[in-house]
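One structure is given here, and the rest of the page talks about it.
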Ligand code: PEP
Ligand code: MG
């Protein structure tokens, strides 16, 4: 028979998956002989079963809960609902991974009108008894029945006003008794039934509420942001109450063994006398520093310090603890590895190694790679941010913090920036024409688009903060205004963006510069030591490449050559090429492009100092490049010696219904081989030049043909590439090896990878397109409906951000196996956005990829993830 309930004495820290973090640690603390009020844990499996049974606690689980209560009564010598020695419990959620704020705690469960009278008499402290009761009604109504805190808070405020007092603690026993009556009346009015008096019924409802809370919107969002699967479920902990609100020799507090902001060693926390749990965090009274506890409760403090030492030594990590002092006696209510800032995480990990508590590998494994993001971009001043309320939320597409005045066009962004203004560019969506504006802006906000939209990809590459896909914005670009949360913003109004959370704020929230500390470097060095997979970068310009090398990139895995033409003075030549009518016209445009390309490639080779550079041949979704503004069309017409009308006709003929599946990638080289020839010349000439300057560098160009779905396509294009390259090399008199490979980004390429591998020196998974085509939804439009998919639990994550291992991953596995069998020398990487996502990097490591390639600011994240994957795989 399945065991659904465990007493604290039956569990231990290794049972985290079953008992949740809190339950496993309460059991572990019990085993360590620490003062833990006893109780039991209803397992995470019971939660999953509750959902399978149609949101019901089945009879078997219920039976085990009731048996656990019996055992708890034996252990504590108290009884549920008893009139002489009543048992009161707390009920708290506890998932496998800590999810702060997912569900509020319910304290003092087991109270009713009779029990409270008993407590009042027996304790000689009626104020305490009635305070417990009114808190219980309030919490039960709010958490279990969702009545809403505010109704009860209003009643408390009215009572305080009536009595002429300011603080809750100034209310008397009679006041609290009266309040309890009012609360129950409020409950009956809102729910329609009397407040439950039977403790077992109260407990059943509370447990159900915890299970329900696993599926509340807050929890769902938190899980998505933190990669926590829905299938894990939450456990429920039922624990005997220890009372911190029984008088001045009682109290409650929260403490960390190290400063969670800086990582500095030493007790850090807050404490309140005569209070219960939530008072410390609720801000009704100002708590005192934990060190003051020494003065108030010297004995309990000494014991607490010893407990801290024991726990930190035992868990070999910084602990975050909750405790209560009841009549001078210490009770431990919770311990867990404390949440910490990225900076603190690095310091703590390094210190633990210095203190002999952790090995280097363990230190590397302790750090959440996603946290590193915050160290690489400017951040909001946390003190100010805490007080700010977000107006709305989009997708945190490129991390960092940005604030500035709203502008609605790239030109305005450039103009305003020239005047020294800090601006945030707000657009329905961005296109390559906006690049200079994007560069000038502190941050970018778009109404449409997901994590792989133009705005997101480009912003991440530039390291600029970007919030994309905020569909709540009502945009009026024409009149330069937008509305969000019923507030209208005009050009020049200030807003702030958090590119990590996706939050949008009104006004300027000050930022502080990111700093890379010594510990950061130390951890990265350790990561390098234990990592087997290489980390390259997606860099399109020499500036990006330099930044990426600074951040530790070991090569370029993807240079999107079309992105080299975003600059104002280059886009014209590029458009001439796209809108050419004849081969001659196209070749004339290509002649203009060639020197730009060659120059850029030289700079890339220089920046990479002999490390590999993969240059992807042109893959411009045409809709991103054709001019749309009248002025640009006119410019193009003049340059081509054509009329505006003629250009408009060409543009119309280039129109595609589905440009992402249109005339792009190698299809462009198949129709216009002269493009591939020009690019080959540029690559080879650049390589030869740099090789001449640096004979000791290993310059070996990797030419990558995109969007191949059929081996003959690759063969066809490769023929021009090889002929051109060989001719260039022969003419130079220099020896140069080069490789021609392909992206695997069309499902058919994965399915026929054995054929393709015979023609390719390397594969690189373009998982942006592979995801798009495997799922069959557009990477530019998916943002519009994915939220509904999350709500319906169809998808837990954005498959464009976190690799779909089941489907897309299967194609990758297949392509690797087929490809390697046909060509054992094949080297394989990934350069879709997933190359910088920790869980996807881990998966790539499992697949045995040679490298992942990601945007420059994600290089340290990918390196740390790769090291963790290697360490876990041992
Ligand atoms: C991809 O499809 O994953 C890729 C890297 O190419 P792009 O994003 O340029 O289509
Ligand atoms: Mg692609």
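Note: Cβ is positioned from N, Cα and C throughout, glycine not excepted.
Automated prediction, rather than curation, is the source of TrEMBL annotations.
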Co-listed substrate-binding residue [TrEMBL; alongside 560, 745, 766, 767, 768, 769] among 531, 586, 616: 616
Recorded positions near ligand 2 among 454, 560, 745, 767, 769, 831 (Cβ under 6 Å): 745, 769
In sequence order, those recorded positions of 454, 560, 616, 745 whose CB lies under 6 Å from ligand 1: 560, 745
Per-state residue totals over the domain 'Pyruvate phosphate dikinase AMP/ATP-binding' (302-351) - DSSP helix, strand, coil: 24 helix, 17 strand, 9 coil
Shell of the substrate site beyond 560, 616, 745, 766, 767, 768, 769, same chain only (C-beta within 8 angstroms of their C-beta centre): 558, 619, 706, 707, 743, 764, 765, 770, 831, 832
Cα-Cα distance maximum in Å, computed over every pair in 560, 616, 745, 766, 767, 768, 769 that the record assigns to substrate: 15
Candidate nearest residue 831 (active site, proton donor) in space, where candidates are the recorded positions 454, 616, 766 and distance is Cα-Cα: 766
Around the Cβ of residue 831 (active site, proton donor), the count of other Cβ atoms that are within 10 Å: 28
Distance [Cα-Cα, Å, rounded] between residue 745 (substrate binding site) and residue 454 (active site, tele-phosphohistidine intermediate): 18
Counts by DSSP class (helix H/G/I, strand E/B, coil) across the domain 'PEP-utilising enzyme mobile' (421-502): 18 helix, 29 strand, 35 coil
